[in-house]
Structures are given as C-alpha cells and as structure tokens.
C-alpha cells in the first residue's frame, strides 16, 4: 500500500513514498471527497457531473545544463485553480529525480484555503512510449502542504542514460494529469440525509467485509430471511451469528449514522487482523453463508441460502470413438471467472465451458474400453436467482515467483444473458423454460495493488438507474458510468491540452477495478427485491436494539454534558473487604468498581454528603471523607481528611484541588466508625501525630489474603504496642505470634518488607 505522509526534504524516501517537498506536518482536519455537489433532496436519477480535469505537457530543453536546485513549469489551470510542476533536476537531497505538483498561487490565497486533486506525473520515454514512467496519487492541498509528489520519482542514473530514451537531445518531456474534486467536510457529511442509507465503520482490519455485507444487506429477500431466523432475548450477539447479523441489518435499516461490525466478526471468530489477512472475500462469503445455512436448518427459513445462491454444473468426460460418457453434478454458490486473456464476462463464460481434448499421452482411461480419446468440459444445469461472480484479479506469477494483480480491462454488462447463442453454456439436462437473463445489482471494487488497497462497493438497491457508492462510513450517489465503465480496469487515455506538440496518447493503468459482481435474475427480481419492514423483525430484537439506542443516546448526552459534572468515586471498608484477595492484592481498592456519583460541579460538598446519607444510611455528622494521593513509590492511599472549610466548597472546586490530572473524577475514602451496637458514631478526633493504617491478613495454609480492618496509631508508637489489637482483628488469641510486613512499593516490582 502506498504511504502518503509529510516528510522533511532532506530525508531519503523509498521510490513509492509520496511527500511534500517542504518540511511540514500533517495537522489538517479529515475531509471527505465526493464527485459532485449533493443536496438533501436530490432526485434519485440526478446526473453526476464529471469533475474538471486536464493534461499538461512540459518540454524542458538543455536539461543537463540546469543549475538551479528547483525548476518550475509555467502555470496551467484546472478546475479554476492555478497549478505548476516543481522539479528538482539533481534530486531533492536524494539520487533520484524529485517531482511535485504545486499550487502556483498559494502565497496569495485567502486564509484557510483547501483543495483536493487526484493527479499523475510522468516522464515520457521518447523512444518507446510504453516505457514512460508514470506515478499517480491524490492529496488535499492547503497552506501548510501546497505541494505534493514524489521525492524519489526515478533514479538519476536511468534519467541521464542516453540509451534509455528519457533524455533525448538534452530535452526532457514531463506530463501531468490533474483531476480536481469537490471537498465535503468529513464531520458534516450526512450519508442518511444525502442518500437514505448509512455506511459501516472501518474498524481497522475489516478490509473487504464492509462491501460484502452491504451487498448482502441490499438483497432484501436475504435480509428478510436473516430477520426470521429464531433468536432469543437471552442470546448475546458476540456469540450468535444470527443475532449479530440481525442486529447489524436492523441498524443499517433504521440507524441515522454508520454501524459497527465488531459483534459480527466476534460471532464467527474473525475478530483479529490476521483473520482477514489470511482469507479473501470469497472465503468470507462462503464462511458466512455456510454458517447461516447451518443455523437455518429446522427453522422456517431453512434452505434460503441454497434458494438464493446455489446453482449446479455438470463436469463431463465423453469419449470420441466409443459410446462412453462420465458425468458428475456439482453445486456452486459463486463462480470464479478468469480475467486474464478475457475481455468481458461472456469471454470468461466461453472459457469456463471450453472443451479440453484428452488425447495422445493424455488419453482418458474409460471403464472396459481402456485408454480413449475424449472431450472434457463443464456445462451448467441451472443458475441461481442471485449469481455471484468472483473475478480472478489476483493470481500467482510463476516467472516472478509472486502474487500479482491483473489490472487488465474487463467489461461486464448491465444485463447478462446466459441463454445466448442457443444456450451454449447449458447442459442437455437444463430446464430451457427458465430464462437466464440477469441484471447487475452490485459491483465490488478493489483499489490498489496486490499487497494492499481499499475496498468499496457500487450498489443499486432497487435495481433503478440510481447507483450508490458504499465506502465504509460514507454513502454517496453515483451514476452508471462510475459504477460500470470506470471499474473495468485497463488503461485510460487522457486528452491532450496542447495536441500540436506530442501526438502520442498518454495512457495510465487504472488500479481501481471490479473484483466481484452480483447479478439478479430478471424473472426473480420482484421476489428478491421485496419489502422488508418492522413486522419482519422479532419483538425481542426490536426491544433490545431500542434499548441499545436509548443507552447510546444517554451516553452521548452524558458526554456532551460532562463538563458540567464531576464524577465522585467513594470507597468504603466494604469495598476493601470485597476486593482485597479477589481483585486486589497490593494496595487497597480498584476505584472503577466502587460506587460512583455524577454530581453537578456547582453543588457544595455538604449537599453531596446528604446524598451519601440517603444512599448508605450514614448520618452526615458521622461521615468523614479522605482524599486519595498517589505517592512516589506508586502506592495509592487515603492521604488526609477533608477540612470543614473544604466541605463548604463546590465539588468542582474540590476536584481541581485534589486532582492535578485533568479529568472529571474526585476519588474519596469514606471513614465510618461503628459503636458496640454496630451503628455509626462520630469519628474520633485526629491529631497531627495520628496515622491511619490499613491491615490485611495472609493465611499461608489456605493461601488466602483478606482485609481485616484499619486503626489510628501514633507516629511515635511502636508496632509491638498494637499486636494484641491486630490478633483480635485477625481472630487470633491476644498473645498469638504473628509476622508483620509493610507494603513498600508496586513498581517496577512488588516489594513487601518484614517489620522487626
């Protein structure tokens, strides 16, 4: 995958690294690029305008005599903007030619300007045009990054070699193709408002899954079947594929924002990055369908997967000179079609059913007839209502000993007729009454190379003329040309801006192309593109997702109002007794597991104490609160009680005083003393000499640790003075011999030292 990051000019980059020529950092806001202006109420079949584009050719004479480090082309205009090429003839601190696209008038543009362009830069080979070197990229230009391109465009040794054909008669020819696209603010674009559909969140490793899921979701018959799979309110989505998919589809149908896929990936075990890297879209499709098929058995929707996606073909071997024929029927859920050597889908089907001759050393051994000349091939018995075609864009190159991507031009029709030429793809057993005429529903696209890239899908959910591009979180309206022709791949020839100079067409390889097609049979489309509404969704699922949405809105509101509140976490003796020996061993308590209160910042602490009285049944006069402090030895202990004057302050002020780290939490320890009747009493007076100690008891026989209590001791006192009290705490006789240890520090390793 090509990396596009700003880098200093004096840092040598790999040949494919794209950088601005100046030493800048990337701190602009994320932006979304779409092809044309959209409004909230655009009609479905509104045409999509092509973005402005232009090709510029720059002829540089006496190239080897250029002495300046930088060399600029004349200005050319694309999309109403002024551009120029910036070139470093001897390299930008590297031994390569460095070349960038530059905003010519960046110094005079208004504050905050920004523009987005896709562009290619090329050095023309004047002997053999096919050896011209071209590189393309895209960038959002702004005041901080007004140029972008390739620091290591091509080695200087190749450039200046007269036999290579790049420098002829000391003249270099450079070409640029620039396409300017409109910018939409990433944060304000609303897919639901603009298109009626929402996207799926890119969670870092989901790769091709989002485009496949959108395709399956937009097959309404499939979606309805998923909704009708039996699930219960006790199921958990992360452990149930049916419920996870039901939840995902429901949110895609009714949510106003993009939807996460984590529960679904967990449900079928692909919840790591490696899971997606080790498989491809075809495997994911099969895994998902096979698991759903299994879960549908014995339910009202049993057989749905087969009804939608399953077709059958017949493998045959037929002897030429004797009456012998061997056939084998096989089912398929998708078909893999060759791209290499085929100019379109029909050519791939021709190749699929191509007859192979078994003769010479490759004769067929027929039962009772011995070795015979024979014909071997495949014919289709029936095609499914939903036909999934996997295009073999990736294959192993034995000469180069590596996987390669096939970017050849490969056309696919809007309507696919598999009955053509008298039904040449069909077996003798095929039902000729079924009309195998298909219409295109989805085009799944891969943009990039064999080692990385991006995936998205063009879908027309209702089979109307309006296409939509589903690109992770973003959904945009697109026209048919973008969905079909622009995804054929191959090379594209660009128009010349100065045709009188160089009449050789400028072509570049298109790295974005279709890798999967979904067709729906015309005779089945009314059944498949059916209505799906809330009555198809189980009541428990609606309630569950409604509750999830309410919780989501509540959290959103809390987050928006967080600056108005302070979170107070109150630890008590009960928390220490509950956690020590189970969740906590060193130190005292995990504050994430104690009772927390969300209190408005302006409320005084004395008012908060009244709430504590109601919550824990402890009268205000019997409460004493301690502030916690993290010490240099990485222990975290109650440090000092709040003073009476501090308790008159607001909780917001107290939080700021107690917590140097900027967060909204105030952590407290509530000291409550109990009388002989175990009812709260007033806390004892505390002097400067008094220290509050906490005690844990370890039983070496049971290997158990537990909290046994706390007490005040004098700082001038000695441990021997409290031994009898400690024995009482631990449940021992007053004169029992016990060992005492002090917890010293937690990091870098736990240290407890014996007390003599």
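Including glycine, each Cβ sits where the backbone N, Cα and C put it.
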Remark   = Candidate ranges 531-562, 563-594, 595-626; TrEMBL annotation coiled coil resolves to 531-562
Remark   = In the same chain, residues at least 6 away from the ends of the coiled coil (531-562) whose Cβ sits under 8 Å of its Cβ atoms read 220, 223-224, 227-228, 231-233, 243, 246-247, 250-251, 253-255, 598, 664
Key: Helix, strand and coil residues within the domain 'MATH' (53-178) as assigned by DSSP   = 14 helix, 68 strand, 44 coil
Note = Taken over the domain 'MATH' (53-178), the predicted model's pLDDT averages 90
